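Colleague: Have a look at this one before I ask anything.
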């Protein structure tokens, strides 16, 4: 498939497709069925296009470089740094706004509910408080669901899989739109305030990516009047770098981890990296971190300029109590226990991902096909069940004495934005004066406060409470993630894992009498283990957790735990972000090619069903080609006879190629009738009379081809596909994109067939890219504005020097070239300059390669 991959209904979610052309339409068949999704499911798959990160060195671009000197590049570099600063600053402002509104909405809700509970004197009053809490939660969650279901469905979830796909080179529709940012930011503050077990940190990464994509464009497609005439950064290549910086800024704002943000973009996102991008991304994360720190410190601590609030989530200071001389943060002997905790976290993460996969399959198969209202009702059901569990679970909690502070006189909780200590957030619930309810302390506080309670509070949490909390939180958060609300995954996994680690530490302390244990360290290791078991991140997650703790001595146990958790979880399935990518059939390219691909070459995986275009083609033929195919790129070729004896040379100002002999129209049609029974459209190749008149064949002789050349695959005895032997060779000269052709047609760039290509108007580089990223669709073009009989010379606008591979190139080499250079298509050219096939990202996915190996193995058997 060339550039665009249409995915119809298929027997699973993780499938690759290859074009099957018919006389009237493009039919696309699923080629691969992956065990990840059950074959019994049939779900509609979406259309995806590839982004083009490769530079097109055509004539307009070369003229652009020639006409703009060093000062132009200097201005562009300065503007890029200014844009990076604005991206980091705006990302921090969005994070600050989300966090502030969540604090006030949550305070309003909990103040009202706790006042109701404080007035309770009978059991019937508890039901009133429950209904009041449910009314708050359902109202908030209903708003969040409406924004996603009826506003922008892509705002659901954390957005990390979509950003990861974008940076990998896959164009996900609406992923970087302003509307998506609005629905994501507003939706997540209502979903968190509504009591759902979700985090706001994950959506911040998506929000940062959207800001990074929009700021450097200096215009908005949503707000029509917002447009500045700044002709910079008008390509996927430039946009990718800013999206990468924005996503990193989102990580930095969420966790106060600027270095972790840079590593996150490097590990989970970008397939292309350089030193300049490293510096810009680091500058963006630093800007985001300190901007958010400045506003949080000034607003909630009333100490402007003190910078004592690192991010939306901080873990506090890890240190043993001075009274306990035997306490250590960790010892070498604890490392074995940490490894066991990591393995357990990996297994728990494996189960979490497996359950969530089943839930997502159910949603895609049933809820996605029904009315939108059903998705809203599902979210309300999740919210109501969560409210019941959160409200009723403290009834089975244990009352513990409050140590070191005066007893609370009533059921109220501390709602101050400035925390005075860990005991300030202990929840009394219905316990006697001077005691707190351990289950209510975990459920009735915000997730960030509950995490700090598990990390630092010296008060007791019973094993029964920790175990029950882990089970309830595990299943509720698993059910919530993937529903139609903006939802982060990091904080719920950290809290769930912290309870798991605290359970292990309490068990060792109470039953094995290990007295040197610092409970907070084990809680942190448990959090790292479970989070690593779910998302399977290692390098960036290690640095993020270290920056959150401000304790470098914990780096070794955190790193070891994450590695073990990843290894344990990978035994059964992938990380949850990758699973959701696979379920949506996104052709993501992994870091490495499968080992089994080492025996394959480019000719084994290439697509041989191509659509060609000639250097000089009738406008009618181009229109028919664009309207009847979904391809996004076309090889520019010339046809030569098999003897290849150079009898004449045909040249234009932009292209020089050999013509074996003069072929009359009748001879061409007779030859084509023998090799082709299906005619699709009309192409014309014209020689120019006013160029190179000394050469033979330079007269304006018109060659009109009644059919569009197409290379079909022949099934040989071994079942492999190859070129038909009776087709004339096609000499490859370059690549022309669909967007380039539509832009040329829109601007009426063509010439009369008798006047010569020199009369064709030249389109500048700036004019060529002014519609980026929303180029006109051929189906929206008014055909009355086009002269269909004119000739379009595509040679000035095609990419004359794209990356190419030889048919015998090993697949690992092809994979590395394709991924590292951010290519959209890779032609397979033999030593004679003939195009044999086309390689796109679909041909390099693990599933496609595994299927090819299986087919070749079966053919040998």
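Just so it is clear, glycine is given a Cβ too, placed from its N, Cα and C backbone atoms.
Below, the features straight out of TrEMBL:
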DOMAIN    798-855  domain 'CBS'
TRANSMEM  78-106  transmembrane segment
TRANSMEM  126-150  transmembrane segment
TRANSMEM  242-265  transmembrane segment
TRANSMEM  335-355  transmembrane segment
TRANSMEM  376-396  transmembrane segment
TRANSMEM  461-482  transmembrane segment
TRANSMEM  489-511  transmembrane segment
TRANSMEM  517-535  transmembrane segment
Colleague: For the domain 'CBS' (798-855), what is the mean per-residue pLDDT, to the nearest integer?
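Modeller: A mean pLDDT of 90 is what the model gives the domain 'CBS' (798-855).
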Colleague: Cβ under 8 Å to the transmembrane segment (517-535), counting only same-chain residues 6 or more beyond its ends: which ones?
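Modeller: Apart from its flanks, the transmembrane segment (517-535) reaches 315, 318, 320, 327-330, 334, 337-338, 341-342, 344-350, 352-353, 451, 454-456, 458, 489-490, 493-506, 508-509, 541, 545, 549, 554, 557-558, 561-562, 564-566, 568-569, 575-577.
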Colleague: Do the transmembrane segment (489-511) and the transmembrane segment (335-355) come together with 3 or more C-beta pairs under 8 Å, pairs six or more apart in sequence?
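Modeller: Yes, the transmembrane segment (489-511) and the transmembrane segment (335-355) are in contact.
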Colleague: Under 8 Å between C-beta atoms and at least six residues away from its ends: which parts of the chain pack against the transmembrane segment (78-106)?
Modeller: 140, 181, 185, 188-190, 192-193, 200, 204, 207-208, 211-212, 215-216, 230, 232-233, 242, 245-246, 249-250, 252-254, 280, 283-289, 291-292, 295-296, 299-300, 312, 417, 446
Colleague: Within the same chain, where does the transmembrane segment (335-355) have neighbours whose Cβ lies under 8 angstroms from its own Cβ atoms, ignoring anything closer than 6 residues to its ends? I mean 6 or more beyond.
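Modeller: Same-chain contacts beyond the ends: 474-475, 478, 497, 500-501, 504, 508, 522, 525-526, 528-536, 556-557, 560-576, 579.
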Colleague: Apart from its near flanks, which chain residues at least 6 from the ends of the transmembrane segment (376-396) lie with a Cβ under 8 angstroms of it?
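Modeller: Non-local partners: 129-130, 133-134, 137-138, 141-142, 144-146, 149, 194-197, 363, 367, 427, 429-430, 437, 439-440, 443-444, 468-469, 472, 476, 479-480, 483-485.
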Colleague: Counting by DSSP secondary structure, give me helix, strand and coil numbers for the domain 'CBS' (798-855).
Modeller: 24 helix, 13 strand, 21 coil
